[in-house]
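Structure first, commentary second.
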Amino acid sequence: MAAFPAYLALLSYLVPGALSHPEAKTLTSRASTEAYSPPYYPAPNGGWISEWASAYEKAHRVVSNMTLAEKVNLTSGTGIYMGPCAGQTGSVPRFGIPNLCLHDSPLGVRNSDHNTAFPAGITVGATFDKDLMYERGVGLGEEARGKGINVLLGPSVGPIGRKPRGGRNWEGFGADPSLQAFGGSLTIKGMQSTGAIASLKHLIGNEQEQHRMSSVITQGYSSNIDDRTLHELYLWPFAESVRAGAGSVMIAYNDVNRSACSQNSKLINGILKDELGFQGFVVTDWLAHIGGVSSALAGLDMSMPGDGAIPLLGTSYWSWELSRSVLNGSVPVERLNDMVTRIVATWYKMGQDKDYPLPNFSSNTEDETGPLYPGALFSPSGIVNQYVNVQGNHNVTARAIARDAITLLKNNENVLPLKRNDTLKIFGTDAGTNSDGINSCTDKGCNKGVLTMGWGSGTSRLPYLITPQEAIANISSNAEFHITDTFPLGVTAGPDDIAIVFINSDSGENYITVDGNPGDRTLAGLHAWHNGDNLVKAAAEKFSNVVVVVHTVGPILMEEWIDLDSVKAVLVAHLPGQEAGWSLTDILFGDYSPSGHLPYTIPHSESDYPESVGLIAQPFGQIQDDYTEGLYIDYRHFLKANITPRYPFGHGLSYTTFNFTEPNLSIIKALDTAYPAARPPKGSTPTYPTAKPDASEVAWPKNFNRIWRYLYPYLDNPEGAAANSSKTYPYPDGYTTEPKPAPRAGGAEGGNPALWDVTFSVQVKVTNTGSRDGRAVAQLYVELPSSLGLDTPSRQLRQFEKTKILAAGESEVLTLDVTRKDLSVWDVVVQDWKAPVNGEGVKIWVGESVADLRVGCVVGEGCSTL
């Protein structure tokens, strides 16, 4: 999330995190009453990884000469609505560092103009196409750079989709850690290739929208996650994305194991910065900052948007309060220096010191001129929107993603593709436009017309929208449209007529409630919105041939109509963005064969899921959200519980057929030890003088013109703050300035580099055995042996590759690599990744879904077709 309406922001409230629990060595599995996040201090310094050495050297030279005010300026936001972006830091003009602009969203520039509204993350995941994941990242980065955004707030790999009703699952790439990992890491590589900084989010456990934030009434919920589940499931995509070089990580609102993420020292210091070797800076989600000294010591580097518990009052936990904390000694100057060095090093690492644009847009108004600081009572005005067009040819990428994500679930009697002269009757408002205007609802906070994205801060304005109605009318010579959610009277149906029924299911962020759903799908559940099920059934009674097109944020129930004889075909078009119409007609009329695959499971009933993944209501006191299902979410649960879903994870049909033959398993690097080779030692980190700065460095400059509510680093009485340094600060239990031994699972960005040694490689020949062109996806799942002594899911997606467009009879050999980490479990005692020696007992499966396996391999025995 980033900025949201002021009246909702006022609900934010300071609640101290729980930091005084009995000592524990690991995050073992516990009941909620025992959930505990152990202390991990001090915060590790950045700069010890060679890939970042040059950037840190440049940062060190600059930070060494900064004043206290200049340092604090870069760590703190200037206040909500106090600039053009969702958030901005202060600046250091003396060294050419501007106010850094942090802005949404993961699918395009939010609240701007002349930008691309790309398909959502869940749509990208459904492509199973690594090239498109990267290309979208490049497009996002180019548009962020073009608008002068230093830090684009995305991608999102958390939530992962633990809760099917969760409001923001659609911002990520699917309900699997590996799919999320590829989506996140490739997006980051693409974005940062342009010089824009990616902010990976939300770390961690923000799997439900309701009750995530602390308020005047209660504390945000605690996601209670055991150590193994944390590493193997929720942390997995973060580790891969850190390995990709993420410049920033955004901390979530909620608690993890009863410690607020923004001041959870185990999570930030211990796991993210030490074990995963993260070299960039850690930033809060908007208004997730709930403590000053505690968060600094826990490893937080930047506060956004800078305000305190109640925004718009000009208060802050940092800004001048951080200046005070450094002067009185409660925050060590070493910690501040590392905070600033991480920020400046990231700025240098992405080359933003070289002709990077300043913001040329305003997220606060569409007018050309307006207040420069809208959150101030009195603000100077000027040009705030220059209407810079940053779209380039990104519409091509957007259309390709939306098209290649479309997932064909059912196609009885090959009713699809359609012919241009077929008699078509189209039903449902989801086929049309929002009659109030395509951008009439703030942050897409309504469900009117075709569903292009969910709602909330993860959205973008549509530069244009080609609806399915417009696209079909442009192609079909005989189409009749009924843009209504009630089946109309008097509709005639010929024996060969085809009805196309459009339905959808929406969700979003919890600061907006749409049709009774406060972010999460509380009221609608997993059912279609706007009478969708009844509309399909009514069409099925009238027509012999019905095609259902679904735009949805995630799993949707189909049981009321899926088995009706006249429902011949079902397409899931996910959330297609601006190219909703053209991408759909590309598939409907057969210009392309569908090649999308489900990035989640579609159940028969919500009761098919474990009870623990349901939405949780607000009791008196803090909600304890216990992850008692452990590793078993989505398809992993269905397999373990022996429940056959309506459609399995990875399912997707084509207009053609494919054969998988000639499988081969190669040993690339022997797994001759259970644990990876010893980690590389840490390199040196920048050092600075440890003396406290002079109090005069944060005195108000003479004749300074203050902007009301703008957050500054200056103190009215800095000498008084320094005089209080003799007082003893009540540090959290376990706080120390003595560095901890380097964790054995670390050693580089993402962890021990030996974890990414390719151990096995599977080659398989994919042949188009049908009569139409098409693309196939080979999905690789691993099954780990019981000899590891742990219960593991019977199938875990670890790799996938997609063929080029294959003509009828054409073949392509795909290579799918398997790493040491892919075959490892997290050892909570040793605190390292453990694999079966020599891969003994490992089974590898390749197929077109988790339930449609075409190749089976056993390490040491070879492969066979199934």
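Note that Cβ sites are derived from N, Cα and C of the backbone, with glycine treated the same way.
What you see is a predicted model, and the numbers here were worked out from it, not measured in a lab.
Among ASN65, ASN642, the residue that Swiss-Prot annotates as N-linked glycosylation site is ASN65. In the shown protein chains, 27 other C-beta atoms lie within 10 A of the C-beta of ASN257 (N-linked glycosylation site).
ASN474 (N-linked glycosylation site) sits 12 Å from ASN421 (N-linked glycosylation site), taking the C-alpha atoms as the reference points. Ranking the glycosylation sites ASN65, ASN659 by how many Cβ atoms sit within 10 Å of each one's Cβ puts ASN659 at the top. Per DSSP, the secondary structure of the region 'Disordered' (725-748) breaks down as 2 helix, 0 strand, 22 coil. Across the structure, ASN360 (N-linked glycosylation site) and ASN664 (N-linked glycosylation site) place their CA atoms 54 angstrom apart.
When the glycosylation sites ASN65, ASN73, ASN664 are compared by Cα distance to ASN421 (N-linked glycosylation site), the shortest distance belongs to ASN664.
Most Cβ neighbours within 10 Å among the glycosylation sites ASN73, ASN328, ASN395, ASN421: this distinction goes to ASN73. Counting only residues at least six positions away in the same chain, the Cβ atoms of LEU327, ASN328 sit under 8 Å from the Cβ of ASN724 (N-linked glycosylation site).
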